[in-house]
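Here is what TrEMBL records for this protein:
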- A:HIS68, A:ASP154, A:ASP207: Zn(2+) 1 binding site (BINDING)
- A:ASP154, A:GLU181, A:HIS285: Zn(2+) 2 binding site (BINDING)
- A:GLU180: active site, proton acceptor (ACT_SITE)
Amino acid sequence: MNTTFLEKLVAVQGASGDESRIKDFILNHIKKEQNTWKVQPKIIHGKGFQDTLLLVFGEKPTTAIFAHIDTIGYNIGYDNELIKIGGPRAIDGMELVGRDSHGIIETELMIIENENGSVNYKAVFERTIDRGTVLSFKPNFRENDEFIQSPYMDNRLGVWTALEVAKTLENGAIAFSTYEETGGGSVGFLGKYLYDNYDINQALIADITWVTPGVTHGNGVAISMRDKGIPRKVYLDQIIGIAKESGIPFQLEVESAGGSDGTALQESYLPFDWCFIGAPEDHVHSPDEKVHKEDIKNMIAIFEKLMTKL
Amino acid sequence: MNTTFLEKLVAVQGASGDESRIKDFILNHIKKEQNTWKVQPKIIHGKGFQDTLLLVFGEKPTTAIFAHIDTIGYNIGYDNELIKIGGPRAIDGMELVGRDSHGIIETELMIIENENGSVNYKAVFERTIDRGTVLSFKPNFRENDEFIQSPYMDNRLGVWTALEVAKTLENGAIAFSTYEETGGGSVGFLGKYLYDNYDINQALIADITWVTPGVTHGNGVAISMRDKGIPRKVYLDQIIGIAKESGIPFQLEVESAGGSDGTALQESYLPFDWCFIGAPEDHVHSPDEKVHKEDIKNMIAIFEKLMTKL
Amino acid sequence: MNTTFLEKLVAVQGASGDESRIKDFILNHIKKEQNTWKVQPKIIHGKGFQDTLLLVFGEKPTTAIFAHIDTIGYNIGYDNELIKIGGPRAIDGMELVGRDSHGIIETELMIIENENGSVNYKAVFERTIDRGTVLSFKPNFRENDEFIQSPYMDNRLGVWTALEVAKTLENGAIAFSTYEETGGGSVGFLGKYLYDNYDINQALIADITWVTPGVTHGNGVAISMRDKGIPRKVYLDQIIGIAKESGIPFQLEVESAGGSDGTALQESYLPFDWCFIGAPEDHVHSPDEKVHKEDIKNMIAIFEKLMTKL
């Protein structure tokens, strides 16, 4: 497994709301690589699409992969206080990086326990950092024979999966969505465009899930039967049927909580069917997100299969 | 009051996300019965409508009844754990039914109290049930001179009301919506269709509410002035005016919490006015939902009246 | 600063859901005043717009101001219980006014502490008030050289700002939105109309924020870099750049919580960029909302500037 490009992907900063650079990075990669792909997609972006990016392959697309390009992180508040973007785990001493009007910032998170039991987070730094400055986990990509461990496997691994599928995709769409970690509507306008222009109403969410007692490392990609949202059973049964027939290892996940671009699609006015599919990771929303390489392989394989069969 | 068909309606399984069978059941009933109706509606369903069903009557529809066809229930998680679909009350020993790849399942819910005070629910069964299997309350329809008591009065009674109104409806629409119990957007695409194609922007929500100190059994159908959501006062005043003039017994409900397809319409981008109207029930979200027959009669009567006057 | 009209604006009742009178009041004002404005706007309202009101100025509008016209308040429940509309602060003895079928109501809120520690609110009145009756804070406009203090500065000050900007606006839109205090979709259909008909996808939210350690009285209008929602950084940077260049005093706000019409726009399916800009106030959501007059001047000035530059 050649992970050179994945390592580059996770190093590009792009917390929710600040996705312009990761969008440009992906766009440049596509422009450079697409002549080696089986089919050259229509590339849709710019005005009306904010920092998202859409690819449409072939004349008969039926299904779209949604992969969110944003990450969790922190904003600087007043006096170097840290305010969460999405739901990052706060670990005392964790390294954060960013840039403000005075230059590059490398800092550490400090947990401050107040007398009333509440907790604040501060950036340890010699000067006051500009208000609103965006900080991300410092890149720290680790790999061995079995595992990859790095910040932001969630969801640069989903982005990478989509780009791997793109190499051979003949009919279908890929939507690189934004501000998934803070919720919202970028899947709304992406979905609307695909529905209005291509009659697409089937979605597969390429994202990363949690290792749990029911979903473990190395036992296959997780197909989520539900989280907070519940996919339509008719669509889910079809996906599980294709997965079984394929022989690709997979695990069925059933959760009571958690959401994704799938939940946002369901809550939109669009009649989209959706299903969340992704490798499970340990140390969720920390700089140490850990995923088994076999699960990554199976994640790519099942998306390839589903995009031809659905 | 002939409740034979209502008893059949409540026996058809259809938890949120798994509405294909109840949709087919309602569709078959309509196809069989509509030739006895005053006006034959356009029947809209299929691609782009998931498991919902739309009826449009006459050339000048102005108002749509929304009746959700899904119910609460449980999913099987790992090792026969039970995960809620919507907000069912969990009662130790309550009977649940469903089906997985090995056959029919009849089981009981067991409440397990953990050492830390939290609570889990398990299905008592001799084997591991397939992950994701959908379980519903076991049908148990009871009736006497005054009351009907059964699982899923919420909202098969709303569905039944809409089908009773259909018999004489000349202009108007009926939307049988899905996944109301888990929230979401099926009223979004249903509303959009009605708005774009028929200029309809008035909704009546046919659903079941709670017996409270302010709304009691046998004193009329409840017209909800608010719950979590607040209907537009201009529309509400119009409805209450028609109700007063009609002489049909009704009760005004004012709640701080609770939601419905009305809330989902309000949170959509559609300029729909909406109002929740329904009989009150006791033992909400349990297998023993109990409704007074007079309130049911008045519920049907007020929908008939409003659909001609609004 | 002539505040005669502002005082009239805050006296018009218009709790969420009950905005018909404040809408008519604003509409009449516009009809009377618009011949003195630099450009006469298109005025859009009526069927399909509920109690909202849209103004479109010029041939090349690019940006819309959203100012919500509704306020917080209380509904009467059963036996004169008070149920919150939005999030009003409850202060024992606070004066509330309204009207029901029996006439004008002037009452006081009484806080009742229950044995289990929970709290209820009642209206002190000699008779039972009609269910659902809407009550508002009693008008109480106070002004000195430095400050204005009154109920409903949030958001009649935003409305006033928009109407001040209207006097010289050449290209742009103003959307007077409804039920912001209870959440929902009126910005959805307003935004959709502006996007579909005028290709507008930039929003400025004219609303009032909180005095905090980072944002204080008299130090300029607050430009919010985030609250619960996070605006797109590319758009935010553009706004801050224009503000810096203008020389108008402003303060950068960074909050972890709170929402506005901006959040609702973000959660809609529309690809709108948005930014919240407003004067800070003390005694939020009480009858004593207090705002510095210099911050109000700067609020108007920055909206005028941004509407010409964005």
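Cβ atoms are placed via backbone N, Cα and C, with glycine included.
Structure coloured by features recorded in TrEMBL.
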| residue | record | DSSP (3 states) |
| --- | --- | --- |
| A:HIS68 | Zn(2+) 1 binding site | strand |
| A:ASP154 | Zn(2+) 1 binding site | helix |
| A:GLU180 | active site, proton acceptor | coil |
| A:ASP207 | Zn(2+) 1 binding site | coil |
| A:HIS285 | Zn(2+) 2 binding site | coil |
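Distance from the CA of A:GLU180 (active site, proton acceptor) to the CA of A:ASP207 (Zn(2+) 1 binding site) is 10 Å. For the recorded Zn(2+) 1 site, residues A:HIS68, A:ASP154, A:ASP207 set the reference point as the centre of their Cβ atoms, and the other residues of that chain within 8 Å of it by Cβ are A:ALA67, A:ASN155, A:GLY158, A:GLU180, A:GLU181, A:ILE205, A:ALA206, A:ILE208, A:SER260, A:ASP261, A:GLY278. Here A:HIS285 (Zn(2+) 2 binding site) is positioned 15 angstrom away from A:HIS68 (Zn(2+) 1 binding site), judged by their C-alpha atoms. Between the binding-site residues A:HIS68, A:HIS285, the minimum number of other C-beta atoms within 10 Å of a residue's C-beta occurs at A:HIS285. Cβ proximity to the Zn(2+) 2 site centre (mean Cβ of A:ASP154, A:GLU181, A:HIS285, cutoff 8 Å) flags the following additional same-chain residues: A:THR71, A:ILE72, A:GLY86, A:GLY87, A:PRO88, A:TYR152, A:ASN155, A:ILE208, A:VAL284. Of the candidate recorded positions, A:GLU180, A:GLU181, A:HIS285, the one lying closest to A:ASP154 (Zn(2+) 1 binding site) when CA atoms are compared is A:HIS285. Listed in sequence order, A:ALA15, A:SER16, A:HIS68, A:ASP70, A:THR71, A:ILE72, A:ILE85, A:GLY86, A:GLY87 are the same-chain residues at least 6 apart in sequence whose CB falls under 8 Å from the CB of A:GLU181 (Zn(2+) 2 binding site).
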